[in-house]
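Working notes for the structure below.
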Amino acid sequence: MQYDYSKNKDEHPEPIKVEVKGLIPEWLQGTLIRNGPGLFSLGETRYNHWFDGMALLHSFTIKKGEVTYRSKYLQGDTYNSNMQANRIVVSEMGTMAYPDPCKNIFSKVITFLSHTIPDFTDNCANNIIKYGNDYHATSETNYIRKIDPMTLETQDKVDYLKYLPVNIVASHTHYDKEGNSYSMGTCIAEKGKTKYTLFKVPGGSGSDGSPPLKSAEVVCTVPCRSLLTPSYYHSFGMTDNYFVFIEQPLKLDVLKMATAYLRRVSWASCMKFHPEDSTLIHLIDRKTKKEVGIKFYTGAMAVYHQVNAFEDDGHVVFDVICYDDNSLYEMFYLDKLKEQMGANTMYCKPKCKRFVLPLSDMGETGEDLVKLKYTTASAVKEKEGKVLCQGEVLCDGVELPRINYNFNGKKYRFSYMCCVDISPVATKIVKFDAETKQKIEWSGGDGFASEPVFIPRPDAVDEDDGVVLTCIINAKPAQGGFLLVLDGKSFKEVARACIDVDFHMDMHGYFIPDSS
């Protein structure tokens, strides 16, 4: 069973009524929007890496037990430029675009200069985030694209740099009960300093028609341990009183990125994992807007997704999906994906690890400061205010974690993830109980599963009272795919919405409840 990652997908911009098998709960009303790469070749050019493909949005609108589907390419500047030229003319992280050999020398000089001081792509193919009342497609550059969540039409191009000093911004955003959004970005070499900036966008921003980012506030900054090699990060953690930021030894070399075009290499080649370095864990107090005095660290690891973080009896507990190296990114080069199909390749299986940060370092040197009885995670006090943290492996072979977001930042039990035990391509999804360590799996047979999204039942009391939504790609494209609806408690199928469409493999998504 294989998935062709390099296949260009068709868009379906007009709503299509979907055949529903089973019974969708009456309370489930809203739209699930998902985002991911869908177009990988134009004319005689093609992308090198799957993450580079042109963003294809698709949505499932659920109303009164019925489902409608649509999909549409994000028509940003990058998309329009590529389409007009019928070739890739805007560089992506893993693919450097070079001018048409037929272009004149002036055009070639302009292209060279634009890559020396790069103006990044607005091909936002990773996630959907909300700022104020606006929804945006996002990747990890300084550009995001506002979209119409109902029609999937591409709207305003938004440049973070007009409002905040951030060159790179993480794909994942947190939200609080008041509707405020929290994000992190990296400011590179501004006034001789490179720093990580955590910022807040107030809920309701942009209601007067102005961009929500116009109201953005810097919450705090964390200095980078190296001026020209900032850490790459994809997400961060948030509790009621703290932010958790992992400064991992997966680093971007800024000087190499500046010369990448001249050296005819991609920007991704300038990102390296340094196994000899430690991973710094920054704990930021939300009230003081400063780091706590304790210097937490652990061994080298690569983290893309945080599961959850919470406070318990003088500790901050946070769960992450981590790898021993950066081989995951390397695996998604399209040539390597073709080689791996049907082959028993070496695969660095991810682990779901729990780390515990004690809020007090009172104790003797060499003492484990973790006092929680339900975890084997440790935090050993060292000299000079340092604390060495060792994580507890909760489970392995899982990725793309989601939880009941009403429990974000709070003590929780359940997470919903893709099962990637054998390869990074999921054929199963799993419900994991962090308390009992028990797993319940759902397998679709001849299909590939996307990130599972948990939707809580209105006024639910139990954490797992709700449904889980996931897109299933049929391994036989001619038969179409379906939106799967699982019961959150039993993890058994409630319904499926089947459609004769060859779905694309997407990355992340956002469920917008029906306001009525």
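Residue numbers in this text run from 1 along the chain shown.
Including glycine, each Cβ sits where the backbone N, Cα and C put it.
Just so you know, the Cβ of HIS508 (Fe cation binding site) picks up 22 other Cβ atoms within 10 Å once every protein chain is counted. Positions annotated as Fe cation binding site by TrEMBL: HIS172, HIS234, HIS305, HIS508.
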Neighbour count, 10 Å Cβ-Cβ cut-off, for HIS234 (Fe cation binding site): what number do you get?
19
Any further residue of that chain within 8 Å (Cβ to the Cβ centroid of HIS172, HIS234, HIS305, HIS508) of the recorded Fe cation site:
ASN126, ASN127, ALA170, SER171, SER235, TYR304, GLN306
Which of HIS172, HIS305, the listed binding-site residues, has fewest other Cβ atoms within 10 Å:
HIS172
